[in-house]
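Enquirer: Encoded as structure tokens, here's the structure I'll be asking about.
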Amino acid sequence: MKKGFIQNVHLAPATSLFVPQYKNDFFHLKTKAFLVHKLSESTNAAFTNLLHTLTLKLGFASDTFTVNHLVISYVKLKEINTARKLFDEMCEPNVVSWTSVISGYNDMGKPQNALSMFQKMHEDRPVPPNEYTFASVFKACSALAESRIGKNIHARLEISGLRRNIVVSSSLVDMYGKCNDVETARRVFDSMIGYGRNVVSWTSMITAYAQNARGHEAIELFRSFNAALTSDRANQFMLASVISACSSLGRLQWGKVAHGLVTRGGYESNTVVATSLLDMYAKCGSLSCAEKIFLRIRCHSVISYTSMIMAKAKHGLGEAAVKLFDEMVAGRINPNYVTLLGVLHACSHSGLVNEGLEYLSLMAEKYGVVPDSRHYTCVVDMLGRFGRVDEAYELAKTIEVGAEQGALLWGALLSAGRLHGRVEIVSEASKRLIQSNQQVTSAYIALSNAYAVSGGWEDSESLRLEMKRSGNVKERACSWIENKDSVYVFHAGDLSCDESGEIERFLKDLEKRMKERGHRGSSSMITTSSSVFVDVDEEAKDEMVSLHCERLALAYGLLHLPAGSTIRIMNNLRMCRDCHEAFKLISEIVEREIVVRDVNRFHCFKNGSCTCRDYW
């Protein structure tokens, strides 16, 4: 009869090979240990189904220990509905049962179900959670960015006696970080000193900083980790977060340190880490290094191609970006909506208007991507940069967008109006932004500048006073530059640093050499894209422009960085046209390559020209 039962079980061809093993081993040993062992080994649904049948036939359906292993096996196989059905049929589910299903919902991308299970765990037949339960529910809160629920569960944790568990505390740090509550995450992290921190807890805190635009703290904490007397080594997740922080800040030197650790740790073949490195080098202004990383990636994906296309686009290499896109499609890697955004961005920043319009028209038919407001906004930007402002304006009026995307749309049109001296377009775009309550400060400033260009200094000043009364404060312009292991930050007009005298003398000497070559400064360039909109004499305007933060950073770099090395400057705002023209000439005078990353793109100055070709 036993033989008949086994032979009547329907198995996939691969699992039928195991039947003789069951006849000899299982029925000989007659222990549930055999079942549990086989369940832990199972990687096949048919195999687990067979074991499930045997469990029922042999009377283990009411054995919590055995059924838990069945639940865990189904969870591993992504069969969460079957796992949940088994759980619901259990007579006495214990903490392992509950935690397994909660974890399963997390793995299937259903964090809301995981939290519902946790709530049910306390309501039906209260079962005290263990450290793995708490870690799983904090993971669910992280996925949903639910800080309110997370704090309530944190309160339960405090009275559970498990607060000092390193697994739970690490997941708690991660949860607060993903909920944008970095201060609370740091308090939890600091409290772990008393009972130990491991590479997971360090990674969680570094990632919290990196993901919340606090790259400086991420790098400093990474330095502390390296200095700590611990046997732990940075893993690929920590390194990816550090590399991301270096990308956002333009910290090339620390990015290279992280790259060295990636190599020593053997993570270069990890696609996520390699793509992070590619992105870091590109955003730090070292496109050649980014290209080397790209060429080393063995198995390319849409992510690696998209990152490289975006990098080339930001550096003004539109033709190269388009060529790479064609190579990707020829290699049968399907683009996604981000890839096509990158292609349109490349066309916009390189003056490839006809090509960009063609890609837009073919997106749905040829590439299977329906263009949305983000793609149309990119086309508005492209038309505006090329001087086809009226077409850009007409297109902008037809696009249906929400408030946030609308800010990007009208912000692009505002930039086009400023660039091409279209005061009426600047005025219209600014008013729409102010009405939408998005990018209000930049809109006020642009509208004020538009009044100033047309000679309406009183209207301009009145608008700036209104801006102050409404609490909108212009972000202070700053530039920073790396020298060895340090970063030097400069603000416009600020000469309070130790080298201020030397920098000021150097800039005046540069200004003299520029004028000898015909440079006439800001007084010859007063348009809506100029940078000085104050009713002062021309000499004072030139003085104000000469102390812009990017010029101060440039002077420092030329004075202190090794001769012949590339000067890399990061800027938190858009580079002004006056400085852009000056940098082109300076690159020729000093015979140095100068790379400036502003809020929109990279400008690579060399031999008197810029890679943007003035499409910016």
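Here the Cβ of each residue, glycine as well, is placed from N, Cα and C on the backbone.
For 409-484, the entry in Swiss-Prot reads region 'Type E motif'. Residues annotated as region 'Type E(+) motif' in Swiss-Prot: 485-515. Taken from Swiss-Prot, the feature region 'Type DYW motif' covers 522-616. Here Swiss-Prot flags 63-93 as repeat 'PPR 1'. Residues or ranges marked as repeat 'PPR 2' by Swiss-Prot: 94-128. The repeat 'PPR 3' feature in Swiss-Prot is assigned to 130-164. Per Swiss-Prot, repeat 'PPR 4' is recorded for 165-199. Look at Swiss-Prot and you will find 200-228 tagged as repeat 'PPR 5'. Annotated repeat 'PPR 6' per Swiss-Prot: 235-269, in sequence order. What Swiss-Prot records for 270-300 is repeat 'PPR 7'. For 301-335, the entry in Swiss-Prot reads repeat 'PPR 8'. According to Swiss-Prot, the repeat 'PPR 9' annotation covers 336-371. Per Swiss-Prot, repeat 'PPR 10' is recorded for 372-402.
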Enquirer: Could you tell me what the rest of the chain brings near the repeat 'PPR 10' (372-402), counting residues at least six beyond its ends with Cβ under 8 Å?
Expert: 337, 340-341, 344-345, 347-349, 351, 353, 356-357, 360, 363, 408-410, 412-413, 415-417, 419-420, 422, 425, 428, 615-616
Enquirer: By Cβ distance under 8 Å, which residues at least 6 away from the ends of the repeat 'PPR 8' (301-335) in the same chain are close to it?
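Expert: Here the qualifying positions are 271, 274-275, 278-279, 282-283, 287, 290-291, 294, 342-343, 345-347, 349-352, 355, 367-369, 601-604, 610-613, 615.
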Enquirer: With helix taken as DSSP H, G or I, strand as E or B and everything else coil, how many residues of the repeat 'PPR 4' (165-199) land in each class?
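Expert: For that range the per-state counts are 27 helix, 0 strand, 8 coil.
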Enquirer: Given pairs 6 or more apart, does the repeat 'PPR 6' (235-269) have at least three Cβ pairs under 8 Å with the repeat 'PPR 5' (200-228)?
Expert: yes
Enquirer: Which bits of the chain, at least 6 residues beyond where the repeat 'PPR 3' (130-164) starts or stops, bring a Cβ under 8 A of a Cβ in it?
Expert: 95, 98-99, 102-103, 105-106, 109, 111-112, 114-115, 118, 121, 170-172, 174-181, 194-195
Enquirer: Please work out the helix, strand and coil residue numbers for the repeat 'PPR 6' (235-269) from the DSSP assignment.
Expert: 28 helix, 0 strand, 7 coil
